[in-house]
């Protein structure tokens, strides 16, 4: 065989290999998504930064038993002869005193608690005693056991299993009970705004949509319902997860619904639904065969979804996109201790400088509340605009009366950049996404500066051995008075100027004294006088 034949064979092999490499790269690009949250990792805080000695409730309700905001951590506790929960300022880490003051005003076990999104000092609680209570926590926490609530909301005939605040309307609270009813309250007036009475069996979960115009419920009859909360009218309904264990449903920001539940074979599932068509899910995926209820926590800003199962030792997190397949698995945080309950910190309370995008407070059966931080690894200390879009703040968008009269409004957003404690980026962006250069530094006018030196030399004195004599005179520094506020901030004030001149004059006087002594020593050394005579002459 000739040399050309072997060259042709090699060329064919190279072309085939190149084609395979191209196909493999295309395949991998489809399998491995390019996501900025792909490398998010969770890390538990040190023991000294956690909370210990907490008597977590042993009630068997399907609740997270914990809620947190940028000021306080609230945990439902075990108590005899009534219901109570613990409220701690976030900075009070370490072991909790056994005699710590509690919020203890319910006559039966507390089943659910929720912080108000528009006031970090207001918390609502639902109890087995069929009441909803509103409590006001002072800054710094409570110093004595709190038994008198600010507002009592009494309407349910059976236990209250869930309380949820409206995302944008002030003082609007939703409560659902085992009496298969949902009440919408105006907390400031202790009045019922509307009643939802369309369920045939126990309500398992309730969630508002992004602007609070609709709610979605999951029920023991295995049905999902989209309801108008003002009128109680069912807009859409459909069969959900068909397992016998409880299912939960939440709204996504774009109006779709995310749910967790069980299949007929008791396998845990998650699914995405169209709120306008609940006849079939857009996607449904089976996770595993564990028996713990999955609590979904949704980040409306980043699209991330965290699944925390009661009794699990893992936290799975996913990313939601509007395109198929909708839910993309990212990773799993694993630990050795199962979780009894869990709470999620709002975006306002995260460590923005460390690129923290989520923080969970995990309750353990041993009475420990473990703090778990989820972070995006970034080398730069500048503010990361792609990780932190504007997020919901603590200011309401509408009032309760406006909402019940048909007004809908998205939550008011705040800039997370303002919460960033690290270095700022050198350029700003205006409303048109155009870069604004940094402000120009103030330039000093050189014509106003004196060209003379601060030390003026005198003519040569014959008595100084031909050395010039330094005079104790300072040059008068001319300064231009600032005419604008920007120039005032960058120039010396009159007080600072006088202080500097006084210090310079003192230095000049000391230099004159040293020069005089040096001349005297040189003169005395010629006549061989003793040191004692020099001192005597100096004292004259």
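The backbone N, Cα and C atoms fix where each Cβ goes, and this holds for glycine too.
TrEMBL annotations: computationally assigned, not manually curated.
The range from 448-490, 491-533 that TrEMBL describes as region 'Disordered' is residues 448-490.
Counting same-chain residues at least six beyond the ends of the repeat 'WD' (103-145), those with a Cβ under 8 angstroms from any Cβ of the stretch are 57, 59, 61, 63, 67-72, 74, 76, 79, 82-89, 92, 151-154, 156-165, 167, 170, 173, 175, 177, 185, 187, 346, 392, 394-396, 411. Remote same-chain residues near the repeat 'WD' (153-195) are listed as 61-63, 108, 111-118, 124-134, 201-203, 205-208, 210-212, 215, 217, 227, 229-232, 392, 396-404, 409-412 (criterion: CB distance under 8 Å, separation of at least six residues from the stretch ends). Counting residues per DSSP class in helix, strand and coil order gives 5 helix, 24 strand, 36 coil for the domain 'DUF1899' (30-94).
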